[in-house]
Amino acid sequence: MASTMTPYFGIVVSLIAYGIGTLLFKHSKGFFLFTPLFVAMVLGIVFLKVGNFTFEEYNTGGKMISFFLEPATIAFAIPLYKQVDKLKKYWWQILSAIVVGSICSVVVVYIVAKAIGLDTAVMNSMLPQAATTAIALPISESIGGIPAITSFAVIFNAVIVYALGALFLKTFRVKHPIAKGLALGTAGHALGVAVGIEMGEVEAAMASIAVTVVGVVTVVVIPMFMPFIG
């Protein structure tokens with residue numbers, strides 16, 4: 001049955017939850033568990049559960065916000081355009097690093113899922129987590145995954161990279177700005193780009209191209225991978 005809830009309901013809930021997350025993140029001086037996106041997701045779930053609202057009632061307006069995911073992803077091209085000279089010079093190294101990273105992500109998720117005995121539907125939901133939400137959700141649906149789990153996996157993955165990405169790079173002594181950006185974008189998509197922006201223009205540009213290429217590689221690789229794990 002179609003929801004009769006006004007579209008403003010989902011929009012207002014999302015904005016308030018995100019606003020609370022922003023305030024918590026600011027006042028906690030950047031504590032990673034208070035990343036606005038993660039806080040908004042948790043608060044949204046709690047609100048719907050406590051208020052006994054259905055997801056369909058929320059999503060009447062929530063899907064209007066989701067509509068802007070794809071345009072937001074395209075906006076990653078802006079910092080990339082500013083560093084197009086480096087892209088031309090190192091295009092092969094950049095492309096190969098992202099492709100290998102993307103494939104490794106899918107393989108590692110599969111191995112871990114099998115090792116801990118995850119249900120097939122849950123495993124399929126986790127496989128596209130390296131891509132942005134706009135790309136990961138359709139892939140998840142097409143391979144029999146659960147979009148809600150995929151969304152959580154994508155966001156949680158990004159939160160970890162946002163919180164610990166810089167520390168990992170320092171620990172493993174990754175100093176080249178191109179390598180830093182590629183690592184952040186490949187592992188953490190949008191929030192990885194956010195960390196790259198904090199580091200510099202080169203890191204931001206490389207993280208942006210990584211997000212885009214990872215999405216393309218994920219779309220191609222996962223359907224090819226599925227017959228071998230079915």
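The backbone N, Cα and C atoms fix where each Cβ goes, and this holds for glycine too.
Lifted from Swiss-Prot, the feature list:
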{"type": "TRANSMEM", "residues": "5-25", "note": "transmembrane segment"}
{"type": "TRANSMEM", "residues": "30-50", "note": "transmembrane segment"}
{"type": "TRANSMEM", "residues": "61-81", "note": "transmembrane segment"}
{"type": "TRANSMEM", "residues": "92-112", "note": "transmembrane segment"}
{"type": "TRANSMEM", "residues": "126-146", "note": "transmembrane segment"}
{"type": "TRANSMEM", "residues": "149-169", "note": "transmembrane segment"}
{"type": "TRANSMEM", "residues": "177-197", "note": "transmembrane segment"}
{"type": "TRANSMEM", "residues": "209-229", "note": "transmembrane segment"}
Stretch among 30-50, 61-81, 177-197, 209-229 sharing the most Cβ pairs under 8 Å with the transmembrane segment (149-169): 177-197
Same-chain residues near the transmembrane segment (177-197), Cβ under 8 Å, at least 6 residues beyond its ends: 35, 37, 72-73, 76, 79, 86, 90, 93-94, 97-98, 101-102, 105, 130-132, 154, 157-162, 165-166, 168-169, 203-211, 214
Top Cβ-contact partner of the transmembrane segment (92-112) among 61-81, 126-146, 209-229 (pairs under 8 Å): 209-229
